[in-house]
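Per Swiss-Prot, these features apply:
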- 3-23: transmembrane segment (TRANSMEM)
- 68-88: transmembrane segment (TRANSMEM)
- 100-120: transmembrane segment (TRANSMEM)
- 136-156: transmembrane segment (TRANSMEM)
- 172-192: transmembrane segment (TRANSMEM)
- 223-243: transmembrane segment (TRANSMEM)
- 253-273: transmembrane segment (TRANSMEM)
- 294-314: transmembrane segment (TRANSMEM)
């Protein structure tokens, strides 16, 4: 029974990720005035399955000088963390109803750095290591902004529970009242998931492929799946935090359809950004965070703390 539950949980996420890769290739194709994958199946719809069969049936190669255990553990850890991050998300029902759901997601997104760092270090390649170190610096930096934004949301929400956010946003979505936070959160999630224009870790022109340059076949596919699962999870988080439930939220299916639609819309924006913008320079990436996002998020966090105290003359009841 446990195995069946596990498969029911994992397979839909992996299927969604598979079709997201197809949609991305199609979107990029049409934006560059070409067709994209259109050979395997009608309109290329079976392309992800062909890719999966090809990757998982090839021999997984590894460099002779690599550290075997870390080299193997890194992609497994990446995919495990990417799948685990979905457990506390209310869609509208959660798999695990955690009291500290916001903290759990923040800590898991921070842990994903280790898989990238291990893969870069264990590969024993200078390109992989440079890509991994870039990823660590980038992710840790943007984690600061994400943490402060989540703290601000927690002050509005009154608790760390994600389900409470649905009750908080019954009358008005938080994007209406905290739109600067929404914009900064969305841009920070782009950086957190190493997506264009912040894909410094995978700079093809200078690092060949980045931290996963020495990976092939199955382990490479695991990193690929983890990246796209993280993208969808982050967009699901954006929907929960700022775009709330629909106005008629008494019906579970209405909530679920609305949640799926908004997550798909945000994910499509990720693809649009990738097709439209060039890569940031590394100093611009850090300047954006430390000189722009950090002061603004701190100021907004202080505002959310001070307004209830100023208006009620007493500390808010948490």
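Placed from the backbone N, Cα and C atoms, the Cβ positions cover glycine too.
Touching of the transmembrane segment (223-243) and the transmembrane segment (294-314) is ruled out by the presence of fewer than three CB pairs under 8 A, sequence neighbours closer than 6 excluded.
For the transmembrane segment (172-192), the partner stretch with the most Cβ pairs below 8 Å, chosen from 3-23, 68-88, 100-120, 136-156, 294-314, is 136-156.
Through the fold, the transmembrane segment (136-156) approaches residues 102, 106, 109-110, 112-113, 116-117, 165, 168, 174, 177-178, 181, 184-185, 188-189, 191-192, 194, 198, 200-201, 241, 285-286, 289-290, 293-294, 297-298, 300-301, 304-305, 308, 316 of its own chain, all at least 6 residues removed from its boundaries and within a Cβ separation under 8 Å. Sequence-distant contacts of the transmembrane segment (3-23), counting only residues of its own chain at least 6 positions beyond either end whose CB sits under 8 Å from a CB of the stretch, comprise 37, 44-45, 47-49, 51-52, 83, 86, 95, 224-225, 228-229, 231-232, 267-268, 271. Within its own chain, the transmembrane segment (68-88) has Cβ neighbours under 8 Å at 9-10, 13, 62, 94-98, 101, 104-105, 108-109, 111-112, 114-116, 118-119, 121-123, 162, 214-215, 218-220, 222-223, 225-227, 229-230, 233, 236, counting only residues six or more beyond its boundaries.
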